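Chemist: Feature annotation from TrEMBL assigns domain 'Amidohydrolase-related' to 46-390. Among the features that TrEMBL reports, Zn(2+) binding site is placed at HIS54, HIS56, HIS201, ASP289. Residues annotated as substrate binding site in TrEMBL: GLU83, HIS174, GLU204, ASP289.
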Amino acid sequence: MSILIKNVLLDESIMDVLIQGENIAAIGPELNTEAATVIDGTDKAIVPSLINSHTHAAMTLLRGYADDMELHTWLNDHIWPMEHKLTRDDVYWGTRLACLEMIKTGTTFFCDMYWHMPAVIQAVEEMGLRAMLSSAFIDFGDPKKADKFKQRTTDFFNRQNTTSNRIQFALGPHAIYTVSRDSLVWLADFARERNLLVHIHLSETSREVDDCVAAHGRSPVRYLRDLGFLGPHVLAAHAIWLDDEEMDILAEHDVKIAHLPTSNLKLSSGSFPYRRLSSRGVCIGLGTDGCSSNNNLDMFEEMKFAALARKGLTGNPTAMPAADAWNCATANGARIFNLNGGRIAVGKIADCLLLDLNHPQLVPNYNLVSNIVYSANGDCVDTTICAGQILMHGRTVQGEQEIIREFKSRIAALLQR
Ligand SMILES: CSC[C@H]1O[C@@H](n2cnc3c(O)ncnc32)[C@H](O)[C@@H]1O
Ligand SMILES: [Zn+2]
C-alpha cells in the first residue's frame, strides 16, 4: 500500500511525501512516482501525529461522572466503585470510543493503564492505532491479592497477546500507595528480566508524599530508589511533588515522565516542576490522563494547557514556550516509547497528520507551531495516518456512528447495574 501526498506544507516548503508500507519513503518538491492512493495536500500541513504518554482510555465510560474534587476522594468514593462494575465489553467499547476520539484529534499512539487488557488489545487492533498497554497491578498491601496479580502478570507476559506490531506491553503498578513494597520489588525484577517498561503514577499529590514519609520514612522517589525500582525503563506519571534531590535522582536514573497538565489542574494536584526537570535532562512526554479527570483526549488542548499552566503558575511567560509543548507531545513521546517517529523525515514511521490550513483557527499562519499549541484544537486535523494506514480523511472515520451507538448502549446497561 502506498500513499502519495502532493503539494503539502512541510516546515516552510511545499513538498510531495511518499508513504510506502508503514514508513515515509521519499520527500521532495515534486516526486515523479505512482501510488495506490494520491491525496491533494494543497492548503494542508503535514506534521507528526501526537503521542499521548499517559491515559486510561476506557475511562471515556466515566467522562463527567465525578468532577470537582481532589484525587483521593475522586478515586475512593466515585471512580473505583464504578470501575468495579465494568465488564470486558464496557472496556472494549470505552476503548473504541477513546480511539475514535484520538483519531479525530490527531493522536496515533497512547500509553494506557487499565483493566480487562484483552478488551483493550482488541479495540486497539481494530482501530488501527499504536499503543503501549500496561497490565494493571494493585494489591492494596494484601498478600493474597499480590499473589493473584503476580500470577496474572506472569501468565499475561508468557502468552502471545497480539500479533500486531503496533502494540507493545508494559507493567502497570498503579502507585506506591496501592502496591506493596514486596510487589514493587517483584515487578522491578520482572521488568529487568523481560526488558519491559514500567508505568506508575508517582508523587501526584502532597498527601501521597506525606503518607509515604509516615509509612516508609522517606519520600516516594527515595522509596522507589531504595527498592531498586528506578531506571531508564520507568515511566512516572505526574511527578509533581519533588524536591531538588529527588529531581537529581530521577535524572540520574534516566526515569521518563508523563506530564498531565489538565488532570493536575482539574484535581488541584499541584504544579509540575517542568523547568527544573527539563534543565536536568529528564525526558518529559505529555498526556491527558483518563476522561474523568480531563475530560477529553484532545492532545492539542493538552499542549495549550501545559504551556499556559506553566506561565500562570510560575508568573513567567517564557516558562514553557510553544516549541517545548510541541516537542513533549511528539519527539519526546517517540523517545520514551522507542518509536522511530515524532517527526516527518524519510525512513521514519508514517504516523502523521494533515492539518487544514483553511480552518479559521489556523489562519494566518505566521508560525505553525504557535498556531498548533495556542490556537488549534483537534478539529483542525483533516487526515490522520498511522503505520501507513489512513484512519481519517476529510474528518471521516469508518464506523464512527456504530461506535457511538454501541458505546451509549453500554452506558445505559452500566447505569442499570
Ligand atoms: C490500574 S488501572 C489504572 C487505575 O488508575 C486510576 N486513575 C485514573 N487517573 C488516576 C490518577 O490521576 N491518579 C491515580 N489513579 C488514577 C483509574 O481509575 C484506574 O483504576
Ligand atoms: Zn493516570
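In case you wondered, yes, glycine gets a Cβ from its N, Cα and C as well.
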Chemist: Consider each pair of residues in GLU83, HIS174, GLU204, ASP289, all listed by the record as binding substrate, and report the largest Cα separation in Å as a whole number.
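Modeler: Across GLU83, HIS174, GLU204, ASP289, the widest Cα separation comes out at 21 Å.
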Chemist: Out of GLU83, GLU204, ASP289, which of the binding-site residues is least crowded by other Cβ atoms within 10 Å?
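Modeler: Among the binding-site residues GLU83, GLU204, ASP289, the sparsest Cβ neighbourhood within 10 Å belongs to GLU83.
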Chemist: Can you tell me the CA-to-CA distance separating HIS201 (Zn(2+) binding site) and HIS174 (substrate binding site), as a whole number of Å?
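Modeler: Per the Cα atoms, HIS201 (Zn(2+) binding site) and HIS174 (substrate binding site) stand 6 Å apart.
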Chemist: Suppose we screen the binding-site residues HIS54, HIS201, ASP289 by Cβ distance to ligand 1 with a cut-off under 6 Å; which survive, in sequence order?
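Modeler: Listed by sequence, the hits are HIS201, ASP289.
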Chemist: What Cα-Cα separation, expressed in whole Å, is found between GLU204 (substrate binding site) and HIS54 (Zn(2+) binding site)?
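Modeler: Roughly 13 Å, rounded to the nearest whole number.
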Chemist: Give me the count of other Cβ atoms within 10 A of the Cβ belonging to HIS174 (substrate binding site).
Modeler: 19
Chemist: Where among the binding-site residues HIS54, HIS56, HIS201 do you find the Cβ with the fewest other Cβ atoms within 10 Å?
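Modeler: Sparsest of the binding-site residues HIS54, HIS56, HIS201 by Cβ contacts within 10 Å: HIS201.
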Chemist: I'd like to verify something. Among the binding-site residues GLU83, HIS174, GLU204, ASP289, which ones have a C-beta closer than 6 angstroms to some atom of ligand 2?
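Modeler: So the answer is ASP289.
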Chemist: According to DSSP, does GLU204 (substrate binding site) fall in a helix, a strand, or coil?
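Modeler: Coil, per DSSP.
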Chemist: Given HIS54 (Zn(2+) binding site) and HIS174 (substrate binding site), what distance in Å do their CA atoms have, once rounded to a whole number?
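Modeler: Rounded to the nearest whole number, the Cα-Cα distance is 12 Å.
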Chemist: Give me the sequence-ordered set of same-chain residues, not including HIS54, HIS56, HIS201, ASP289, with a C-beta within 8 angstroms of the centroid of the Zn(2+) site's C-beta atoms.
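Modeler: Neighbours within 8 Å of the Cβ centroid, excluding HIS54, HIS56, HIS201, ASP289: THR55, MET113, ALA237, HIS238, ALA258, LEU260, SER263, GLY287, GLY290, SER293.
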Chemist: Distance check, please: Cα of HIS174 (substrate binding site) against Cα of HIS56 (Zn(2+) binding site), rounded to an integer number of angstrom.
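Modeler: About 11 Å separate the Cα atoms of these two residues.
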Chemist: Restricting to the domain 'Amidohydrolase-related' (46-390), report the mean pLDDT as a whole number.
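Modeler: The answer is 98, the mean pLDDT of the model over that range.
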Chemist: Quick one: pull the CA-CA distance for ASP289 (Zn(2+) binding site) versus GLU83 (substrate binding site), whole Å only.
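Modeler: The Cα atom of ASP289 (Zn(2+) binding site) is 16 Å away from the Cα atom of GLU83 (substrate binding site).
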